[in-house]
Amino acid sequence: MAVLDRVLRVLDALGLFLITRFPFIELFVLLMSTGEEAENLPGARTLTFRDTLRREYLLVYINALIFFVCGTGMTLDLKRRKCGLAAALHVVVYTGVTLYQLKKSSEYLIVRMAARSAAVCGGYLFVAAGLTDSQRGQAKVFQALKVSRQILAFYLFCNAYMVWASEEDRLAHIKNIPGGQFMIVMVIALYVIPALSIYAGYEAGYFARIVVWHLVVVSALVDFNTKYWRRSSSHVAFWVQIQHAARNLAVIGSLLLLGRKRYW
């Protein structure tokens, strides 16, 4: 039991680490994608510091500042709840702008990115509701915790539906994970069963840890295979896919935090 308790504490610490540091990952991806776009624009190469101060980069700097402030606040526990709420609201706005820029992409890609962004928002709501507080004294906002848990369950349901309904998603799993049609059935089951448990609040932490391992495998073999997605029918750009895949890290952290409450 001592070994099990130690493992559970490590997983809990990992969940806290992932969700509070994730804005820095978003910041890194934003800067890298912006730099690549600037390099590819004809006649718009950034050769001097003055080149980086053009008006079209203002929105990038605003988003970068919000990512940095929210990440720093959650990491150092400086107004962690407020930073979590700000990060959740920022995810909604930032994703809306990103999806508008990708409006010519396939519907399934847009739905997939929107659902994962909602799951990241749910993770930040855990922080805003007080689930990650390091000090006692402030009451947790239980309604927000319930909404966050149900958002994560919705995300798992959405993943199962996408694998079942989207030919592109199903083909990506078949080509990157061995097992054929039986594997597809297992993937859907490993989404749906934990989702039902998490939504109902029954042993949510236990089933969340099960689906975490599932997400790790799917993320490593499918989502982070940028070469496959670039050559797919969606032609997803490298940094767009990296951002989409990396957001599963925040989802994994959020699911691990479900173990902090035995009864939901």
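Using N, Cα and C of the backbone, Cβ positions are placed for all residues, glycine too.
Pulled from TrEMBL, these are the features on record:
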type	residues	note
TRANSMEM	7-32	transmembrane segment
TRANSMEM	57-76	transmembrane segment
TRANSMEM	83-102	transmembrane segment
TRANSMEM	108-131	transmembrane segment
TRANSMEM	151-167	transmembrane segment
TRANSMEM	179-199	transmembrane segment
TRANSMEM	206-224	transmembrane segment
TRANSMEM	236-258	transmembrane segment
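The stretch with the most CB contacts under 8 Å to the transmembrane segment (206-224), chosen from 7-32, 57-76, 108-131, 179-199, 236-258, is 236-258. Sequence-remote contacts of a segment are chain residues at least 6 beyond its ends whose Cβ falls under 8 Å from one of its Cβ atoms, and for the transmembrane segment (7-32) they are 60, 63-64, 67-68, 70-71, 74-75, 80, 87, 94, 120, 123-124, 126-127, 132, 209, 239, 242-243, 246-247, 249-250, 252-257, 259-260.
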